[in-house]
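Enquirer: Annotations for this protein, taken from Swiss-Prot, read as follows:
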type	residues	note
ACT_SITE	Asp518	active site, nucleophile
ACT_SITE	Glu521	active site
BINDING	Asp404, Arg600, Asp616, His674	substrate binding site
DISULFID	Cys82-Cys109	disulfide bond
DISULFID	Cys92-Cys108	disulfide bond
DISULFID	Cys103-Cys127	disulfide bond
DISULFID	Cys533-Cys558	disulfide bond
DISULFID	Cys647-Cys658	disulfide bond
DOMAIN	80-131	domain 'P-type'
CARBOHYD	Asn140	N-linked glycosylation site
CARBOHYD	Asn233	N-linked glycosylation site
CARBOHYD	Asn390	N-linked glycosylation site
CARBOHYD	Asn470	N-linked glycosylation site
CARBOHYD	Asn652	N-linked glycosylation site
CARBOHYD	Asn882	N-linked glycosylation site
CARBOHYD	Asn925	N-linked glycosylation site
REGION	47-82	region 'Disordered'
SIGNAL	1-27	signal peptide
Amino acid sequence: MGVRHPPCSHRLLAVCALVSLATAALLGHILLHDFLLVPRELSGSSPVLEETHPAHQQGASRPGPRDAQAHPGRPRAVPTQCDVPPNSRFDCAPDKAITQEQCEARGCCYIPAKQGLQGAQMGQPWCFFPPSYPSYKLENLSSSEMGYTATLTRTTPTFFPKDILTLRLDVMMETENRLHFTIKDPANRRYEVPLETPHVHSRAPSPLYSVEFSEEPFGVIVRRQLDGRVLLNTTVAPLFFADQFLQLSTSLPSQYITGLAEHLSPLMLSTSWTRITLWNRDLAPTPGANLYGSHPFYLALEDGGSAHGVFLLNSNAMDVVLQPSPALSWRSTGGILDVYIFLGPEPKSVVQQYLDVVGYPFMPPYWGLGFHLCRWGYSSTAITRQVVENMTRAHFPLDVQWNDLDYMDSRRDFTFNKDGFRDFPAMVQELHQGGRRYMMIVDPAISSSGPAGSYRPYDEGLRRGVFITNETGQPLIGKVWPGSTAFPDFTNPTALAWWEDMVAEFHDQVPFDGMWIDMNEPSNFIRGSEDGCPNNELENPPYVPGVVGGTLQAATICASSHQFLSTHYNLHNLYGLTEAIASHRALVKARGTRPFVISRSTFAGHGRYAGHWTGDVWSSWEQLASSVPEILQFNLLGVPLVGADVCGFLGNTSEELCVRWTQLGAFYPFMRNHNSLLSLPQEPYSFSEPAQQAMRKALTLRYALLPHLYTLFHQAHVAGETVARPLFLEFPKDSSTWTVDHQLLWGEALLITPVLQAGKAEVTGYFPLGTWYDLQTVPVEALGSLPPPPAAPREPAIHSEGQWVTLPAPLDTINVHLRAGYIIPLQGPGLTTTESRQQPMALAVALTKGGEARGELFWDDGESLEVLERGAYTQVIFLARNNTIVNELVRVTSEGAGLQLQKVTVLGVATAPQQVLSNGVPVSNFTYSPDTKVLDICVSLLMGEQFLVSWC
């Protein structure tokens with residue numbers, strides 16, 4: 001095959017011509033090098049849905065040769081072309097099982113596999129492409145303002161209908177670390193994901209990558225400039241671009257790949273013939289199944305610890321196939337190929353570069369980081385009030401009380417029943433008076449079965465034309481909790497205004513604080529609609545990904561139903577995201593404060609508007625353990641506000657399981673205990689006193705750490721950082737961290753090692769190079785209103801060379817370690833964040849061997865909008881060096897200026913100090929333990945004023 005380097009700029013055309021002639025004489029094809037250096041001009045943008053006009057629909061008829069169904073002249077593969085290593089074989093029968101004769105009629109090779117890989121989901125293909133299989137040819141490659149353009153032509157049709165034989169390639173060198181290319185039909189506008197991405201006006205002058213093109217068969221090769229490593233090579237298999245089947249394959253530089261959520265799987269995906277299906281579905285987390293969200297982004301680790309990422313901006317139903325060579329194939333059922341490559345080179349940078357495209361996470365209100373409690377079955381305000389009272393009596397923190405469907409009248413949105421919930425508004429007001437917040441479930445499906453004039457949300461929605469329609473132009477009617485239902489089209493601007501009105505009107509009755517949006521894949525209890533679905537190409541595409549149920553209509557609405565921007569075939573995976581955007585905006589309008597939305601269904605960019613909970617998990621040890629990689633995965637995808645239902649949702653928990661889940665859940669960024677209708681009670685107060693004490697201890701620790709957690713969310717919001725993160729993100733050069741997914745970090749500083757198995761009193765975790773201090777030697781409980789747990793002997797520090805360590809983990813303990821070199825702020829825990837925010841604060845200072853450490857505190861009123869734009873916040877940097885701790889005041893306002901610092905705990909003080917000074921004044925109230933090397937200093941300082949604490 002011929003490989004082309006990008007062409008020259010016009011300024012150097014003459015030089016290039018000489019080079020070209022000489023090279024052509026030797027090689028028979030042209031090699032051109034690009035020397036274009038143009039200053040980069042970027043205009044920032046917010047990744048929000050555009051209001052665009054409908055595009056060409058997949059499945060529509062096309063005139064001319066693209067409709068060709070016969071494939072005359074397709075060459076048969078000869079035996080020598082079929083000598084392809086088994087792990088490098090790309091499937092020539094992705095659509096169905098075929099015979100040898102049918103395979104060879106496609107021009108492909110047929111060799112039955114001797115034995116599949118153990119544990120493989122699919123197995124190697126028997127029918128596979130030979131290297132000579134016809135693909136597209138690159139023509140008219142030229143330089144552009146942003147990079148390169150070219151035409152791609154195919155002369156031989158594929159075995160899928162409606163091949164698009166002429167394509168346009170646009171390569172955009174957007175930034176030094178981001179390459180973007182699209183492949184689309186130049187003659188007909190096709191559906192593109194309506195997610196606004198950054199607008200760039202000129203190519204990057206000094207990219208970290210180089211781009212090469214294979215002429216025939218066409219392919220793109222992307223290398224890392226530093227070492228020449230190939231990050232993307234699409235020449236490994238032929239390109240397909242038919243109306244309803246697009247396939248792009250690439251080699252991978254290693255088998256260590258993560259992303260492509262949402263699935264129940266380890267953090268690192270298996271490359272042993274694994275198929276990952278992206279088509280959002282209401283299904284309790286099950287291995288190998290398509291679940292609630294679709295995120296077509298992966299991060300790949302490379303030898304030495306570098307990393308890169310690839311994002312296919314495509315929302316159609318798709319499969320992603322991983323194979324052992326290693327390689328990956330994208331198989332989409334529509335749209336265009338819109339590909340971003342992020343160069344990193346650090347894994348952390350890859351995540352930030354991805355979020356530069358899809359959007360940084362929203363900043364949650366402070367109360368949203370407290371403990372949330374819910375269950376399906378709180379069937380009255382009396383029962384709900386009793387739950388809150390029981391939590392208070394048992395001295396458990398509780399910030400947000402929730403209700404499931406029970407509050408509704410006939411399970412209809414924006415209503416409450418006048419039996420058990422007749423005093424619903426008063427109950428919510430009482431929660432507010434106690435410093436708590438309230439949330440309830442809101443499903444997207446709107447009841448359509450009542451008589452006209454009986455249910456305003458449907459009547460008004462029908463009048464405004466906000467619902468998804470069927471082929472007759474009438475609202476598509478499915479079945480969900482209230483019975484017959486219509487589905488709002490959140491891509492319709494009219495529907496956004498209608499949703500805002502419905503939210504505001506209900507908020508006028510019941511002053512709720514946040515929205516729990518469920519069933520928004522969208523879920524449907526029947527297949528398609530009450531009238532079925534049409535028999536057309538959108539309902540029966542030539543390629544159906546590996547969806548549970550076997551059809552695109554399974555557990556959802558008809559793919560051919562109509563929305564404002566396009567068909568549901570194209571927009572299905574965006575339904576949860578568009579509802580999250582609508583709910584985010586509606587809460588801002590109704591409440592005038594920071595919105596808090598938790599959604600089940602997600603797509604790329606979701607974290608900018610809402611959080612996520614991982615759905616209907618079972619109360620099992622297996623799903624407890626699986627929650628860790630799930631939480632880590634969503635943080636890598638820019639959705640840091642994520643958690644699983646503590647103690648599990650389906651089935652009955654056990655006391656031990658619920659204790660261990662509460663301990664882990666205390667370190668979910670979003671913590672909610674939620675339970676199913678028929679399951680045994682699992683509120684913390686439902687268990688024995690020893691179990692309650694263990695849970696109380698975990699919740700106490702979470703509340704003490706909330707200032708640090710809030711600061712991490714601020715860093716995520718402004719800089720694209722993760723909150724909970726896998727070890728490899730901080731220690732990428734240590735390959736032992738790459739597969740660790742039963743531990744997690746909070747930011748850079750805290751390492752959490754939970755117990756995830758039954759009957760265990762110890763746990764083994766990996767500790768990267770450095771010193772790790774046991775955080776539970778820091779006694780902060782005395783600062784707040786919660787009783788301190790009983791003291792237990794602890795190993796004060798682990799000095800690791802990068803090793804596995806076995807730790808004691810009795811039932812009342814979760815191991816949390818503070819990394820040397822970091823300072824974290826803590827606060828006295830209360831029963832609510834309203835209470836805890838009034839408590840004095842402490843600093844935990846973890847010194848390196850050189851005696852240094854650094855930390856940060858971000859503080860505002862916890863719920864106002866635009867605090868950064870208005871400067872209504874306090875930000876403080878803490879530094880330790882030479883036996884001295886100081887604070888640097890980045891910004892101080894009334895919010896945070898009066899925060900009291902009452903204690904400084906210094907970990908790793910080698911020798912007993914003779915004197916401690918606070919702002920130059922001797923401190924008499926300090927203690928030092930020669931066994932633990934911990935120095936405790938009682939002070940009386942203000943965070944918002946400069947201070948200096950020293951010892952000698």
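The backbone N, Cα and C atoms fix where each Cβ goes, and this holds for glycine too.
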Enquirer: Applying a 10 Å Cβ distance cut-off over all chains shown, what neighbour count does Asn470 (N-linked glycosylation site) have?
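Expert: By my count, 22.
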Enquirer: Could you find out if DSSP has Cys127 (disulfide bond) as helix, strand or coil?
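Expert: DSSP assigns Cys127 (disulfide bond) to strand.
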Enquirer: Which residues, same chain and not among Asp404, Arg600, Asp616, His674, have a CB within 8 angstroms of the centroid of the CB atoms at the recorded substrate site?
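Expert: Everything else in range on the chain: Cys374, Trp376, Ile441, Trp516, Asp518, Trp613, Gly615, Asp645, Phe649.
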Enquirer: Please classify the secondary structure at Asn140 (N-linked glycosylation site) using three-state DSSP.
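Expert: Once the DSSP labels are grouped into three classes, Asn140 (N-linked glycosylation site) ends up as strand.
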Enquirer: Enumerate same-chain residues with a sequence separation of six or more from the residue listed as 'active site, nucleophile' and a Cβ-Cβ distance below 8 A; give 'none' if the list is empty.
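Expert: Spatial neighbours, sequence-distant, of the residue listed as 'active site, nucleophile': Ile441, Val442, Asp443, Ser599, Arg600.
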Enquirer: Can you tell me whether DSSP puts Asn390 (N-linked glycosylation site) in helix, strand or coil?
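Expert: The residue in question, Asn390 (N-linked glycosylation site), is helix (DSSP, three-state).
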Enquirer: Give me the Cα-Cα distance between Cys658 (disulfide bond) and Asn652 (N-linked glycosylation site), rounded to a whole Å.
Expert: 10
Enquirer: Among Asn882, Asn925, the glycosylation sites in question, whose Cβ has the most other Cβ atoms within 10 Å in this structure?
Expert: Asn925
Enquirer: Within 10 Å of Cys108 (disulfide bond) by C-alpha distance: pick out those among the recorded positions Cys82, Cys127, Glu521, His674, and say none if nothing qualifies.
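Expert: Checking Cα-Cα distances against Cys108 (disulfide bond), the recorded positions within 10 Å turn out to be Cys82, Cys127.
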Enquirer: Among all chains shown, work out which of the disulfide-bonded residues Cys92, Cys533, Cys558, Cys647, Cys658 has the most CB atoms within 10 A of its CB.
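Expert: Highest number of other Cβ atoms within 10 Å: Cys647.
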Enquirer: Could you say whether, by DSSP, Cys658 (disulfide bond) belongs to a helix, a strand or a coil region?
Expert: helix
Enquirer: Pick from Asp404, Glu521, Asp616: which of these recorded positions has the biggest number of other Cβ atoms within 10 Å of its Cβ?
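Expert: Of the recorded positions Asp404, Glu521, Asp616, the most buried by Cβ count within 10 Å is Glu521.
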Enquirer: Could you check which of the recorded positions Asp404, Glu521, Asp616, His674 is the closest Cα neighbour of Cys127 (disulfide bond)?
Expert: Glu521
Enquirer: Looking at the recorded positions Asp404, Glu521, Asp616, His674, which has the shortest Cα distance to Cys92 (disulfide bond)?
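Expert: Minimum Cα distance from Cys92 (disulfide bond) across Asp404, Glu521, Asp616, His674 lands on Glu521.
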Enquirer: What is the Cβ neighbour count of Cys82 (disulfide bond) at a 10 Å cut-off, with all protein chains included?
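Expert: Cys82 (disulfide bond) is surrounded by 16 other Cβ atoms within 10 Å.
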Enquirer: Validating a neighbour-count step here. Other CB atoms within 10 A of the CB of Asn390 (N-linked glycosylation site): how many?
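Expert: Asn390 (N-linked glycosylation site) is surrounded by 15 other Cβ atoms within 10 Å.
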Enquirer: Could you find out if DSSP has Asn233 (N-linked glycosylation site) as helix, strand or coil?
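Expert: Where Asn233 (N-linked glycosylation site) sits, the three-state DSSP reduction gives strand.
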Enquirer: Which ones, of the recorded positions Cys103, Glu521, Asp616, Asn652, have a Cα no more than 10 Å from the Cα of Asn233 (N-linked glycosylation site)?
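Expert: Neighbours among recorded positions: none.
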Enquirer: Going by DSSP, give the three-state secondary structure for Cys82 (disulfide bond).
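Expert: It is helical.
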